Every structure is written in structure tokens, then in C-alpha cells.
Amino acid sequence: MYKTQAESEDFLRGFLPALDATPDEREVVLCVPFTDLSALSKNLHGSRVQLGAQNIHWEEFGAYTGEISGPMLAEIGVRYVVVGHSERRQYFGETDETVNLRLKAAQRFGLTPILCVGETKQQRDADETESLITNQIKTDLVDVNQENLVIAYEPIWAIGTGDTCECKEANRVIGLIRSLLSNPNVPIQYGGSVKPNLIDEIMAEPEIDGVLVGGASLEPASFARIVNYQ
Ligand SMILES: O=C[C@H](O)COP(=O)(O)O
């Protein structure tokens, strides 16, 4: 819940020129609040940046006041949607069952979902990381098409804390996630206090295909440095 429409357009003015140096194969997606989507869709037209939303309801339409459906997103040019972010799970009652419904809805309406999974500090300290991640992946992905999917491993204790997960450990958990998939080519990202000074080291890990960035994506120069990792 950062940036009004005017602020997000201002961000783009600083950010887009920095992509001139970005290798062609690198994919850049901005997942913004619902109120910014329409304006950014127009501003990003013809650019290499794709647009994403931060949530989606599983029904096509109906009496679900306050919710946003797949067709509403698709119509304005949204291509990606974050599903099951830990803040949705923690503060808004998201469960593995509703995450599964949202993933399937995103795919049904032509969007690529970015599924977030990750353990709490308490679960990590109790040695439950592997069982928790395994359970989330298996439950969340029932009947989900793995040909149109991105996964983000986001240890909850690392989100917004500055306490980044050790690269080797993130790589290990992402390897575990990959071993649970029927499609080993699903892109799997790391998220949690990704900062410009850490990005080269993170992206050097073989299992890590990309990053999901929160705080460090809010300022154009900082996010550009991350996108333009070495
Ligand atoms: O939504 C963003 C991710 O949860 C990561 O956030 P962060 O980079 O501020 O830790």
C-alpha cells in the first residue's frame, strides 16, 4: 500500500530510462495497488515493463464488495498477479485453500500468478521450514497449471526487516520447492529485504531465478540497480 497514482507515475519517469541498459531477456514486472493500474497501463504501453496486481478474487463477478476479479484486471492490461503474500495470509485471513482458488482464477482469466510461500521465524526456529513449505506448495498448487506460474520464496522474518536470508539458504529452500514441482522450469524468486548491495550475490545462486522486491523497489535508482544486477 505505497504510492498514489501521481506518485507511481512520478516513479516511472525516474525508472524507465534506467532500463535502457537492461539485458533484453530480463523480465521486469511492477505489481502495484489497484488504483494505480489503469494509469500505469497507459504509461507502460510500448515499454518492456509488464504490469501486475497484488490480489485477485476467484469469482468472475458477483456480490463480493471490495473485491477485484480477473476480467477487471485483464481488461486494463494486467498480466501478473501476486497471490498469497504473507501479509494477506497474516492480516486478511488468506488460507492455502483461498490461495489455491485465486491461483486457478488468475490462470482462468489469462493472468500469470506469482505465488508467495514462506515460513515465520518461529517455524524456522522450530525446524519446521521444510514441512511448512512442502505443505504450502502441495496444498496451494492442487490443479494449478505449472506452465503459467511464478513462485516467490519469501521467508516472513526477512520481509521488511533488513534481515535478508543467507543466499545459500535461500538457494537451498528454492531447490526444495523446485523438487516438489512437476515442472522444474517454473521461475522461482527470492523475496525478503532484497537490497541493491545484495542483488549480485543473490542472483549468482543457481536456483534463484529472480527477486520479488518490496521496500527497495519504491525508489527508482534503487530498483533500477536491482534490475540491472551484474
Ligand atoms: O512485497 C514485498 C516482499 O514481501 C518483500 O518486501 P521487502 O523487500 O520490503 O522485504
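Note that the numbers count up from 1, one per residue, in the order the chain is shown.
Glycine is treated like the rest: Cβ placed from N, Cα and C.
TrEMBL does not curate its annotations; it predicts them automatically.
Here TrEMBL flags His85 as active site, electrophile. Mapped onto three states, the DSSP output places His85 (active site, electrophile) in coil.
Per TrEMBL, active site, proton acceptor is recorded for Glu154. In this view, Glu154 (active site, proton acceptor) is surrounded by 26 other Cβ atoms within 10 Å of its Cβ, with every protein chain counted. In the three-state DSSP assignment, the secondary structure recorded for Glu154 (active site, proton acceptor) is coil.
Within 10 Å of the C-beta of Gly160 (substrate binding site) we count 11 further C-beta atoms, all protein chains included. Gly160 (substrate binding site) carries neither a helix nor a strand DSSP state and counts as coil. Annotation source TrEMBL lists substrate binding site at Gly160, Ser193, Gly214, Gly215.
His85 (active site, electrophile) and Glu154 (active site, proton acceptor) are 8 Å apart (CA-CA, integer value).
Shown in sequence order, Gln54, Asn55, Glu94, Cys116, Glu154 are the residues of the chain, 6+ apart in sequence, with a C-beta less than 8 angstroms from the C-beta of His85 (active site, electrophile). Counting only same-chain residues six or more apart in sequence, the Cβ atoms lying under 8 angstroms from the Cβ of Ser193 (substrate binding site) belong to Ala158, Ile159, Gly160, Thr161, Gly162, Asp163, Thr164, Gly215. For Gly214 (substrate binding site), other Cβ atoms within 10 Å of its Cβ number 16.
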